[in-house]
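Step one of this worksheet: look at the structure below.
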Amino acid sequence: MEDSQPLTRSEERRQNGHYRWSTHTPGSKVVEDFRRRLKYFFMNPCEKYRARGRKPWKLMLQILKIAIITIQLVSFGLSNEMMVTFKDENLMTFRHLFLKGYKDHRQGNYALYTKADVYDHIHYIINTYINLQNMTVGNLAYERTDGEFTPLSVCQEFYKNCSIDPENETFDIDPHVDKDCISIYPEQSFNNSSLATHLNFSLDFKRLLSVNIYLTLKTINLQTVRHHELPDCYDFHIMIMFDNRAHSGKIKVDVENDVTIYECRDWNVTGTSGKNDYLLLWFDSVVILACFTSLILCTRSVINGIQLQFEFTVFFHVYYKKIVTWSDRMEFVNGWYILIIVSDTLTIAGSALKIGIQTKFLTNYDVCSILLGTATMLVWVGVIRYLGFFKKYNILILTLRAAFPNVIRFCCCAAMIYLGYCFCGWIVLGPYHDKFRTLDRVTECLFSLINGDDMYATFLKMRDKGYMVWLFSRLYLYSFISLFIYMVLSLFIALITDTYETIKHHQQDKVPVSELQAFIAECRDQPESGRYQTDEKPASCCLSPCCCFG
């Protein structure tokens, strides 16, 4: 640049909101070369292929990734579905086995109200555990540790000291919590009377907080054999909870289940080997390799864009004595590459966890599902970028990109009003309506109302309350629905519509909308002109998907 002729800026002017550039030395080689370099940087892969003949490796890699990541997710989803189904059905089995008189429709409402019922249910659980293998139709077995059965543990938590006399309205309580446990082995047998005498087991309901029963059962998931997968061995760590923390006369009972999955010690499936497992591990390794390569290529492209941004800033300052705006500088940072980098990172982490699950070193399906699911979602969202190579589809991408900052600002303002209604509904209507009982329920209820769901039921539930509460609920619900459906949503739609019309107008007029675009538009060289060629040898197009795009 030092050997070039100095340029002078004759005029920068706006016409109807658009930029125009002219220089006293339009033939300056330095400016034309840099303008051509910028235009090449902002070309899509197919245009770059026609300009320099380089194979679009990143484009082909991204297309390959869409296929292999989707196949990986489907494979993992089917295995995860079998695992989740097996866990859920076993949890339902444990509820029916250990909760006396349990019915499916009573799920979440199973509770006891008398002392005799509590003792009877605890005794029922213990006897069911002792006689489990004679009762259940499943392949359940007791756990052994060092050759001995793992016992069932009955633990009660209670206040250290408590004296309560509601009649005289007096109480004396030590809030420190004590815990007392007893262990019962499968060989033991009891009846209703021996439970309290032989085990010295009794409950002081006035200071009782909870009774938790812990037991461990083992089983094998055989349904995977039908899908040519080796069965896994499961340890179910079951906890049956009698919750009396509210001291309201109602002891809620529920069953929770924690699962450990591992490879069975010895297995033999006729006509089957571990070949399928090795193929899955090999396929996951290919996915990791492809994503790692994509991560490196996209990171390099982002770095190159940032470097070119600094060069453009310096160039504008030297030749035009002008500071580049922040919006122009951000155009050098390709958001699609950031999206791909995030997706690749999540896919690599999720695939590593999947390999750990397949080799039974890890059992955290939830984290793996979140990583792979989010990564696949981002990969498919990235497909929109390739549709942008076609002008008729590109308007959607341009509208989303242009409207995004305004949408975020609008949502931040609307969120303040939304949160105000959430807090108000929670504190005022919470005692009278199930949908407003907790803060997270309020947010879900109000969001459903915005979308027109369950409106009448929400109004109807408040009909039989006191007059003041009824009147407030009407004012609250009518104002919220009117404000958000008729005003906020309408403004939100209008914001996007206005952006769409603006982008459509600019595309029809084919005029630049920023200083950077105006500067690049001065370059009239087409990709096929040959002026973008370097000393590198052009590549053949036999393997390039851009031949089809062209």
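Glycine residues also receive a Cβ, built from the backbone N, Cα and C atoms like all the rest.
Feature annotation from TrEMBL assigns domain 'Mucolipin extracytosolic' to 83-265. The average pLDDT the prediction assigns to the domain 'Mucolipin extracytosolic' (83-265) is 83.
The domain 'Polycystin cation channel PKD1/PKD2' annotation in TrEMBL covers 367-503.
Marked as region 'Disordered' by TrEMBL: 1-24.
According to TrEMBL, the feature transmembrane segment maps to 278-298 (among others). Remote same-chain partners of the transmembrane segment (278-298), defined as residues 6 or more beyond its termini with a Cβ less than 8 Å from a stretch Cβ, comprise 57-58, 61-62, 64-65, 68-69, 71-72, 75, 337, 340-341, 343-345, 347-348, 351-352, 354-355, 358-359.
The transmembrane segment annotation in TrEMBL covers 336-357 (among others).
If one looks beyond the transmembrane segment (369-387) by at least 6 residues along the same chain, the residues whose Cβ comes under 8 Å of a Cβ in the stretch are 59, 62-63, 65-66, 69-70, 72-73, 76, 80, 336, 339-340, 342-344, 346-347, 349-351, 353-354, 393-394, 396-397. Per TrEMBL, the feature transmembrane segment maps to 369-387 (among others).
Residues or ranges marked as transmembrane segment by TrEMBL: 407-429 (among others).
Sequence-distant contacts of the transmembrane segment (475-496), counting only residues of its own chain at least 6 positions beyond either end whose CB sits under 8 Å from a CB of the stretch, comprise 399, 403, 406-407, 410, 414, 417-418, 421, 424-425, 428-429, 446, 449-450, 452, 455, 458-459. The transmembrane segment annotation in TrEMBL covers 475-496 (among others).
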The domain 'Polycystin cation channel PKD1/PKD2' (367-503), counted residue by residue under DSSP: helix, strand, coil: 118 helix, 0 strand, 19 coil
